[in-house]
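Below: one structure, written as structure tokens.
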Amino acid sequence: MVQAKPVIKTVEAFEHGETPWRSIWLSYIVQMLTGIQFSIYFTSMWPYLTTLDPNADLAFFGWITSAYSIGQMVSTWGFGYWNQKTMSARHPACCGLFFMAIGNILYALLPNLPNNHRWFMLVARLLVGFGSGSLIVLRTYCAMSSLKKDRTKVMSLAVGSWVLGLSLGPAVQAMFAPIGKNGVKIAALQLNMYTSPALLMVLISAISILFLVLCFTETYAGVATNEHGERGAFTVIPKYDHIAAYACIYLWFMLQTVATNVEVIATPFTISLYNWNDETAVFYNGIIQFFSCCINVINYILISSTFIGRIDKRKLLIFSCSCFIAYHLLTSPWPFYGGPLDYIKMDENSTVEDTSISGGCFQRYEWCAYTTRVPLIVYIFSFIVILGFAFPFTSAPLGTLFSEILGPRKQGIMQGFFEFGACIARCVAPLVLTALFESSGYLWTTIMHLVLLVIGMTLLIVLYKRMIPLQVFPKIGVPTPYKSGIFYRL
């Protein structure tokens with residue numbers, strides 16, 4: 001008997017399927033709810049900490065902020081591996097949401113604890129961060145379930161839905177500001193401007209789990225597999241460009257470092273520069289971030305629905321990097337800005353510096369005596385408008401480009417590695433940024449970010465020709481490496 005030789009096939013059939021928009025839109029809802037959980041504490045966590053523990057300083061606050069990212073850094077690998085091996089997004093995502101609910105419950109109960117509030121807050125943020133690592137599973141699902149022709153739209157809206165959650169988070173926190181830091185007490189539960197949002201986050205986690213369990217059906221239209229979710233032994237997918245992929249990971253690291261600076265420093269920055277007290281800082285920073293994120297969302301919609309999404313993604317990344325550089329130049333402490341800064345006003349015969357009453361610099365901030373003040377209108381414009389363009393024109397094209405560089409293969413582990421770079425940024429940056437802010441103000445934090453941005457711009461220019469989607473169908477006769485060796489398209 002003569003047996004037919006096995007035929008080596010390239011991936012063609014999968015490109016003729018359909019993107020499962022119903023499940024993708026459900027994933028958008030969950031990502032939006034997760035974004036709310038992430039951003040709702042941006043402006044209130046520092047005042048909450050100082051209310052619970054007046055002796056807390058920015059250095060420990062940096063560790064609390066990093067705890068979120070440490071938990072996320074640990075779990076991202078696990079959730080990515082879980083997704084890679086089981087091709088399941090529902091179960092890892094539900095598990096992550098459960099951990100987030102537990103962390104938020106602990107965060108809301110901090111006033112009921114007798115002591116060690118700062119340490120329990122750290123544990124609470126660690127648990128929430130661990131659970132948030134499951135977000136990468138939903139983004140990976142969006143990348144693997146969408147066809148190449150839909151991927152720009154899918155990934156732009158995926159990041160946009162999360163950013164919509166980010167925009168709603170500070171606004172939700174601002175809605176609770178009128179309750180005040182004292183609030184009301186129901187039985188043993190203290191409901192105030194800090195604890196009420198945490199309880200709302202528990203409810204949001206429960207709603208998200210219900211969405212995933214009852215309504216979410218997984219379909220992987222963008223992965224070259226058979227009907228059993230497996231890739232045939234003779235199905236060929238070329239190797240991807242590792243250097244281009246690593247460049248994308250660095251750019252994501254760079255973006256998250258800048259984002260962390262916005263999250264961590266915004267409240268102490270405005271308290272020190274503009275003499276805002278705690279409640280004023282929480283309220284106005286919430287409004288500023290809300291409008292900035294609204295511009296973010298509008299830009300994500302434009303990228304996904306107009307000709308802008310068809311512009312070369314590398315050009316969009318260069319544009320966004322230029323926006324970030326412009327933001328940091330405008331918010332630098334230039335000598336022609338007004339100054340120096342004011343110190344916190346204290347009552348006579350008092351040594352207590354209470355930012356809940358009066359804003360300004362702490363006496364230990366020696367740099368305030370010679371540091372200039374960024375004009376408020378410049379800060380607001382830069383934050384709302386420039387960052388409103390910079391973030392979406394980095395996140396949307398970068399996430400799409402990274403997915404296209406990898407090609408139509410399982411991406412759970414590499415997407416986990418992609419997010420791992422962000423976790424490192426969110427883990428290390430708060431420690432460095434708060435230490436620099438305490439010792440020397442915002443000059444060196446700005447310089448540090450400018451250096452990272454210049455490196456990112458250099459990578460985009462030097463690797464411009466390599467940062468392209470994977471060529472699934474190489475030119476005829478060109479030797480192309482893949483997992484098991486070399487193949488030729490005839």
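Every residue gets a Cβ built from N, Cα and C, even glycine.
Note: TrEMBL annotation is automatic and uncurated.
Features reported for this protein in TrEMBL:
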- 23-468: domain 'Major facilitator superfamily (MFS) profile' (DOMAIN)
- 25-48: transmembrane segment (TRANSMEM)
- 60-82: transmembrane segment (TRANSMEM)
- 94-113: transmembrane segment (TRANSMEM)
- 119-142: transmembrane segment (TRANSMEM)
- 154-179: transmembrane segment (TRANSMEM)
- 199-223: transmembrane segment (TRANSMEM)
- 243-262: transmembrane segment (TRANSMEM)
- 282-304: transmembrane segment (TRANSMEM)
- 316-337: transmembrane segment (TRANSMEM)
- 376-396: transmembrane segment (TRANSMEM)
- 417-437: transmembrane segment (TRANSMEM)
- 443-464: transmembrane segment (TRANSMEM)
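Residues 243-244, 247, 250-251, 254, 257-258, 261, 265, 314, 317-318, 321-322, 324-325, 328-329, 331-333, 367, 371, 432-433, 436-437 of the same chain sit 6 or more residues outside the transmembrane segment (443-464) yet have a Cβ under 8 Å from a Cβ within it. Taking Cβ pairs closer than 8 Å, the transmembrane segment (417-437) reaches residues 58-59, 61-63, 65-66, 68-70, 72-73, 76-77, 80, 133, 135-136, 139, 248-250, 252-257, 260-261, 264-265, 268-269, 402, 444-445, 448 in its own chain, all 6 or more past its ends. Against the transmembrane segment (119-142), stretch 60-82 has more CB pairs under 8 A than any other of 25-48, 60-82, 94-113, 243-262, 376-396. Counting same-chain residues at least six beyond the ends of the transmembrane segment (316-337), those with a Cβ under 8 angstroms from any Cβ of the stretch are 251, 258, 303, 308, 371-375, 378-379, 382-383, 386-387, 389-394, 396-398, 401, 441-443, 446, 449-450, 453-454, 456-457, 460-461.
With pairs at least 6 apart in sequence, the transmembrane segment (60-82) and the transmembrane segment (154-179) have fewer than 3 Cβ pairs within the 8 Å limit; the two do not touch. The highest tally of CB pairs under 8 A with the transmembrane segment (94-113), across 25-48, 199-223, 376-396, is held by 199-223. Within its own chain, the transmembrane segment (282-304) has Cβ neighbours under 8 Å at 39, 42-44, 47, 152-153, 156-157, 159-160, 163-164, 166-168, 170-171, 173-174, 177, 193, 266-267, 270, 276, 316, 380, 383-385, 387-389, 391-393, 396-397, counting only residues six or more beyond its boundaries. The transmembrane segment (25-48) is not in contact with the transmembrane segment (243-262), judged by fewer than 3 CB-CB distances under 8 Å for residue pairs 6 or more apart in sequence.
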